[in-house]
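Features reported for this protein in Swiss-Prot:
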- Y147: active site, proton acceptor (ACT_SITE)
- Q16, G17, I18, D37, D58, K151, V180, D181, T182, P183, S184: NAD(+) binding site (BINDING)
- R144, R188, R205: substrate binding site (BINDING)
Amino acid sequence: MGRLDGKVIVLTAAAQGIGRASALAFAREGAKVIATDINESKLQELESYRGIQTRVLDVTKKRQIDQFASEIERIDVLFNVAGFVHHGTILDCEEKDWDFSMNLNVRSMFLMIKAFLPKMLAQKSGNIINMSSVASSIKGVENRCVYSATKAAVIGLTKSVAADFIQQGIRCNCVCPGTVDTPSLQERIQARDNPKEALKTFLNRQKTGRFASAEEVALLCVYLASDESAYVTGNPVIIDGGWSL
């Protein structure tokens, strides 16, 4: 018996990183996983795993989301993972940077929840998990102005949905990681003028002396997706190795 037997889980940004690790972890625990991403080639790699089906989806496009939602008969868990990390202070951020991050990091979750929540309400049960960060309203982080603003908004969105629909059988939580070793992190490190120094800076702020793995975060997501967390809602759940202490 798996911890997620029989559950239908839809997640975004499943082609790599935390999304991919979570899709695999959900499937191992018996869930029927519908994994979405804009990256078709990487997404197709998941097709070989039992319990996972894939669908190309741009979460910034409302029409695509609404069409996708119309094709799904039942959903138990919605996991909104898609996001982008902008590097810099407010002075390094142009309006287009702000708009892009807000669109991908916040508006996409708004659109996904709006599309799938009615199905959950009709079922009188549903579970929404949003990807936030400790770089948000939890902790001020240098050179993460836009990113932190978007992730603070995700916490607010999460709490609002949880409060509004708690009596209709809906739960909503968000995951707040610290620094996670993902392809996205490695790309950001390599994009810096001095990648070796950038890696050192990232590691120096880790009180555990290491990054989290995507698989560690995925295990927390399994718990939040399962009935084991049935009494947990409206929470920003921190997994950061003590970084925010």
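Please read every residue number as a count from 1 along the shown chain.
A Cβ is built for glycine as well, from the same backbone N, Cα and C atoms used for every other residue.
For the recorded substrate site, residues R144, R188, R205 set the reference point as the centre of their Cβ atoms, and the other residues of that chain within 8 Å of it by Cβ are V85, H87, A135, V141, E142, N143, T179, T201, F202. Listed in sequence order, the residues of the same chain lying 6 or more apart from R144 (substrate binding site) and placing their CB within less than 8 Å of its CB are V85, H86, H87, A135. Using CA atoms as reference points, the recorded positions Y147, R188, R205 were checked against Q16 (NAD(+) binding site), and the closest is R188.
A separation of roughly 12 Å, to the nearest angstrom, links the Cα atoms of R205 (substrate binding site) and V180 (NAD(+) binding site). Counting other CB atoms no more than 10 Å from each candidate's CB, the binding-site residues I18, V180 peak at I18. Of all residue pairs in R144, R188, R205, the annotated binders of substrate, the farthest apart have Cα atoms separated by 16 Å.
When Cβ atoms from all protein chains are considered, those within 10 Å of Q16 (NAD(+) binding site) total 17, not counting its own.
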